[in-house]
Amino acid sequence: SATPMERMQSCITDSNSPNDDHWMTLDGPAMSGGGVKHAVHWFRRDLRLHDNASLLAAARQADNLRCVFLLDCQLERHQQHRYLAANKWRFLVDCLRDLDESLRRLGSRLFVVRGQPLEAFRRLLPLWGASHLSFEEDCTPLGRDRDSAVTKLAHELGVTVLRGCSQTLYSQQVLMQASGGELPLTFAKFHRLLLTVGSPPAPCPSLQDEAATLPPPPPPLTPQLHPGFHRGLSNSFSNNNKTSSSSNGNTCNAASFIDEDAFNLPTLGELGLDQDEANYQPTPVLIRGGETEALARLTRHMERRSWVATYGGKPRYQSQLLMPSGTCLSSHLAFGCLSPKLVYAQLTDLYRKIKGGSSAQPPPLHIYGELLWREYLYLTAHANPNFDRLEGNPMCLPIPWCRDQAAFGAWSTARTGVPWIDAIMTQIRLEGWAHPYCRYSAVAFLTRGHLFQNWEDGAKLFEQLLIDAEWPTNNGLWLWMSGSAFFQAFGCAYSPVIAGRKLDPQGDYIRHYLPQLARLPTRYLHEPWLAPPAVQEVAGCIIGRHYPAPMLPDLDEAAESCASRLRAVYAALLTQSGTPTAASAAAAAAAAGGSTLASMQPPPPPPPLTSRPSRPPFSQASSSSSTSSALAPPHLTMATGVQQQHQQHAEDFVLDMLASPTIDDSMA
């Protein structure tokens, strides 16, 4: 019956302090000596009060503390071009609202600043009289460049910077030093590295456990105190809720940086969503943001003791597991509502309780699979600014992918005519989430499996739509599943029909997201084009009219075409000196023959995603399932020369391998 905070505190060792090297980095003099110390804490991907070392240090030592979040106007301009989906903006607003409420309970508040970091801090740090700026490090290349620029600016302004490290389990510098500066390019090597490094640092104490109140923000400023501020105001700040909406969002009222109300939380309308998007929500809302929700989900997850005790068996294939559950944590980890160190600590604590107390053997690393896979991708991407693209990416094989707008458009808008793929893409667009198994299917279909399209375009779309998309993990997924990096045995490609039948045997998932197919008998649900016209008529779904005909006339032929091209590319990538060459790869792919995209059927326009059709309840099996015939034996479209009797084994291998990075079906 312990509260989430009590459960969290029980996992924290008393020996740790916010001055430990693995928690804090100090750039400039410590908070000591006379004078009033005004600290500004900059929230980014650490939208929480627990395990936030830089915030804790600032709160302990400052006389005044102002907590800020910068809403970069560059992101808002992206939104005007439909860059981020409504689900992602909605989740962010949830996180900011929850954080503001938590701070207000401690006598503080969240100040949301509209503007770009350098320009905002150049004006606001002197205006607020800040002596210290604190933030948690961003481990991505772009984030490190931004943090370096802000740190340099702070030094120029005489502001001391406090930096914590809580985005990942380990400091990236610590891991690289332990590896001798050599990046572990396989997950097995990364496993061995962790065995030498040991367990990650424990999370630092929660701010809520430190004191009943926080140091208050400084008193509100007045224009008379800073008469020159109006003349120096830059136009780089975006519109705020005190400014007329008729402006273009590039300027703001000069008084807005003096009026405290100008720093209120953003609205969905301010973020660029029209009324339909702002009002539309999946029914019910499946994933809400915020630290409070994250800790409650973690508590529910840890109450499921059986999966820790029995982890390591074969993955379960049930339709219900394809929907986000109350223990889904990936979105909260991505936005920093939940600390990965806290999850690791509670997993360790639970495992030891189940296995016999502190004297039990250390937990096996696979218990932390999801967290360690995330950690591996962060480490792999941390020094690679081109991790999200093919060109200039030393990890990415130079595969000459196609770029067919019709093919990509059909895949991205759920119009491929393959129900398993279309259901997945519909869920991603409507809800901003999909189970890892589903993501693997969608990625493989677009890239190496059937369409041979460039993985960069798919990665960008997932980044826009998926709430839990992080730059390292999202691009790592696409590099991995497209056969461009991490894994070499891609001589086989599992069929989306067979994968759908194995993961959604009764078709509940497909019926939920593609209700136009709901009345088809289960035996035809994964291949509706095989249903006789009379069956289609009775089901009220004529293929080519109510649901698209398959964009690929022959899935097996398309898969074999992609496999042939990949085999040729892999063979050509190694010259006599072992150096990959893009030219030889392109020539080999051309010699292997093109795909079957030229003969694909043009799909009808997609339905509007803001008007969700009625769907049968996901947990209720379809009444037509009783008419299902025996499923065909599972098979894969294999590389030429592989014997038929190995096909079942290959399918199980691929699905089990795909399950391996996840810690649990419901946690992903």
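Backbone N, Cα and C define each Cβ position, glycine as well.
Here TrEMBL flags 1-20 (among others) as region 'Disordered'.
The domain 'Photolyase/cryptochrome alpha/beta' feature in TrEMBL is assigned to 37-169. Taking the domain 'Photolyase/cryptochrome alpha/beta' (37-169) as a whole, pLDDT averages 88 in the prediction.
Annotation source TrEMBL lists FAD binding site at Tyr311.
Within the same chain, residues at least six positions away from Trp401 (site 'Electron transfer via tryptophanyl radical') with a Cβ under 8 Å of its Cβ are Leu390, Thr447, Phe452, Gln453, Asn454, Trp455. Feature annotation from TrEMBL assigns site 'Electron transfer via tryptophanyl radical' to Trp401 (among others).
As annotated by TrEMBL, site 'Electron transfer via tryptophanyl radical' applies to Trp455 (among others).
Taken from TrEMBL, the feature site 'Electron transfer via tryptophanyl radical' covers Trp478 (among others). Using a 10 Å Cβ-Cβ cutoff, Trp478 (site 'Electron transfer via tryptophanyl radical') registers 25 neighbours.
Sequence annotations record features per position, and here TrEMBL assigns region 'Disordered' to 595-648 (among others).
Per TrEMBL, the feature compositional bias 'Pro residues' maps to 601-616.
The annotation compositional bias 'Low complexity' is assigned in TrEMBL to 617-634.
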DSSP-assigned states of the domain 'Photolyase/cryptochrome alpha/beta' (37-169) in counts, ordered helix, strand, coil: 64 helix, 29 strand, 40 coil
